[in-house]
Structure formats: structure tokens, C-alpha cells
């Protein structure tokens, strides 16, 4: 890999930005939504189908992959891209959030975290250095610094201590990452909903220096108003010439609001998880295809959508296969949801480039306010 990681802004509209991240494995158009392939797969989707929705990049999970099948096995089999048959960019998270939310018997220290697997109870250790090693073995294009995610609710003092530990770990992550042309390391801003802590965290990250910067510690139950309150200032604390990644977001209206406030990248399990439970995201809002009102409805889920679920199947069929618990139900609705999310991102990119984001956002909210079509 001789090409280096780079980011070019091509247009702005207010605080919103559009641009291109260039990597040796391809370009990522921003604002970008990254489907989540937790264990090396986006559930219910083939990689080529994920690409067909318009996705430029996938997210993989360090915690899950280190436990099963293990990073050492993945590298012996040619790296994560070959292993999961995805030749485009991959971002891997550091494992910190999952250690705090999933693992058992955690023991946190300055060195790192010792924990037991939620799968089989086996004992493991994650540190900034080990997280960087695992992500190097996986071969991800964008690597996330190892951070600590405090359980909420937490006192401001606890959030401050956690943030400062994460900043020390960020420096160790930077040192352990080394010089890897073509790959990028992103630092993660923490600090909860307290502006002083966010400013302190951003200053520490800028001093260390990263190829991109993430806003962590949001979308963890604080509510949209509080999240947007942080996003009103947090992106502006980060370097303008580097990508800004909001972790774990989210619902379509969260995404639109984040883009308006200067965010370039997002990820969330929501579209795929919702698809597996019969929840469809459409331009008119959310639709529960399992509701009886769809049982005899010959119309598509969304007549303006070109995904296979809308192009070739009726609401009645989708209702039937969910009620019958057929595998195709999860496949079709996951494809639809990911397609809708990528269409939303393309609409945002086009609107920003044309200087018409305000019109796009107004139309987005107006369509959702109308709600789903009337039953037959």
C-alpha cells in the first residue's frame, strides 16, 4: 500500500460538510454511514449486497473478533478483508465500549482492562497496545484508539477521571500504532455532556495528533436534546481538515441533525437490527411490517424506493414471511433499511454540495410528519 490516507472537503453548507476520504482500498464519500459487521458480517446480508446499497465502508468489532475467531486466526487466513470477502475500507472499533457493556468481571487499571468473555467466561486483557496489535492483525484501514467508556449515569468527577484515562490511553495508542502508511488512527473525544471536559479532551487529542477524530460517549441514553447540545459545539473543537466521526448514531433524524452540525461519519446497528425484527425505516418514518394492517396490502413498502424489497415484493408478502419466520424476511428488510440509510446519505451529500441543505432537511421532516400511507 503506497497511497496514504487523506481527507478532502469539497463543499460546505453552514456547518455541514461533504468530502472524500481516500484510502488504498477506495474512497469514502462523506457524510458517510457505516453498516456494522460486528463479527465479520452484516447480519442477513452478503457483502456484495451491502455494497449494492451504496455503502463505501463497513465497521468491524475488535472485542467480538478477538474472542471469536481471534485476530491471530484471521491474519493466518489473509486478513479481515479477505476473510469476510469485503474489498472496500473497514473501520474497527477499539473494543473498549464492548468490554464495558458486555464482558463480565471487569477489572480496570491504568494498564488496561482485564475481563471475562461473555461467550465462555475465558479471561482476557485489553490495553491500548493490545488493541492496536489486534487491529493491525485484522488489517483494518481505520483504527480506533483504545478508550474507556464509563457506565451511565455517572458523576461529573467520574466522567472526568474516565476522560483523562482515555486521553492517556490515546497517547499510548498513538505510540503503539506507529507509522503505517495507508492506514489511519482516530482519536476519540470523551467528556460526557460537560463542555469543559469536552474541550479538555479535544485539546489533548489535537496535541497528540490523529488522522481523524471521533466523538464518543454519546447515544448512550442521554437523549437527542442533550446529544445535539454537545454536537452544537463539539465538532468545532476538532481540526477542520480531518474527518469527524460520531460513534453509535443512529436514527435517521439523529443522523440528519448530526450532519447539520458538522459530523462526517456515523455507524449504528439500528438499520440491520430493526430489519431483523420487522421494523422498516422509510422516508415517512418507521413501519412495523408485522402489524395486521399489512396482511392484504399489495402495495410496496415505499413506492419511491428501488431496493429489492420494495421493487419486487408487497407489504402483504413481507408481512407473511415475518409471521412465518422465514429467513428471507430478515434479508429483505435489512436490505431495505440499509438502502434507505444510504439514500439518505446521498441526499445529504447532494444537498450540501448544492447549498440546499435547509430545503432537504425541511422536506425530510415534512415527509416524516405525514406518517405512513393509510391502510387499504
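Cβ from N, Cα, C; glycine included.
These features come from Swiss-Prot:
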type: BINDING; residues: 93, 94, 95, 96, 97, 147, 190, 217; note: substrate binding site
type: ACT_SITE; residues: 93; note: active site, proton acceptor
type: REGION; residues: 248-254; note: region 'RNA binding'
type: ACT_SITE; residues: 267; note: active site, nucleophile
type: BINDING; residues: 305, 307, 310, 336; note: Zn(2+) binding site
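Features recorded in Swiss-Prot, as mapped to the structure shown.
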residue	record	DSSP class
93	substrate binding site	strand
147	substrate binding site	coil
190	substrate binding site	coil
217	substrate binding site	coil
267	active site, nucleophile	strand
305	Zn(2+) binding site	coil
310	Zn(2+) binding site	helix
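Long-range neighbours of the region 'RNA binding' (248-254) within the same chain, counting only residues 6 or more positions beyond its ends whose Cβ lies under 8 Å from a Cβ of the stretch, are 97, 218-220, 224, 227, 266-268, 270, 281, 340-341, 344, 364-365, 368. Taking the C-alpha positions, the distance from residue 147 (substrate binding site) to the residue listed as 'active site, nucleophile' comes to 17 Å. Apart from the site residues 305, 307, 310, 336, the chain places the Cβ of 300, 301, 302, 306, 308, 309, 311, 335, 339, 340 no farther than 8 Å from the centroid of the site's Cβ atoms, the recorded Zn(2+) location. Secondary structure by DSSP for the region 'RNA binding' (248-254): 3 helix, 0 strand, 4 coil. When the Cα of residue 96 (substrate binding site) is compared against those of the binding-site residues 305, 310, 336, the shortest separation belongs to 336. For the pair formed by residue 94 (substrate binding site) and the residue listed as 'active site, nucleophile', distance between Cα atoms is given as 14 Å, rounded to the nearest Å. Taking the C-alpha positions, the distance from residue 93 (substrate binding site) to residue 267 (active site, nucleophile) comes to 11 Å.
Residue 217 (substrate binding site): 30 other CB atoms within 10 A of its CB, across all protein chains. Cβ contacts within 10 Å of residue 93 (substrate binding site), excluding its own Cβ and spanning all protein chains shown: 31.
Most buried of the recorded positions 147, 267, judged by other Cβ atoms within 10 Å, is 147. The full span of the recorded substrate binding residues, 93, 94, 95, 96, 97, 147, 190, 217, taken as their largest Cα to Cα distance, is 15 Å. In sequence order, the recorded positions near residue 95 (substrate binding site) (Cα within 10 Å of its Cα) amount to none of 267, 305, 307, 310, 336. Annotated pair residue 307 (Zn(2+) binding site) and the residue listed as 'active site, nucleophile', C-alpha to C-alpha distance, rounded: 21 Å. Cα of residue 305 (Zn(2+) binding site) to Cα of residue 97 (substrate binding site): a span of 35 Å. Around the Cβ of residue 307 (Zn(2+) binding site), the number of neighbouring Cβ atoms within 10 Å comes to 24.
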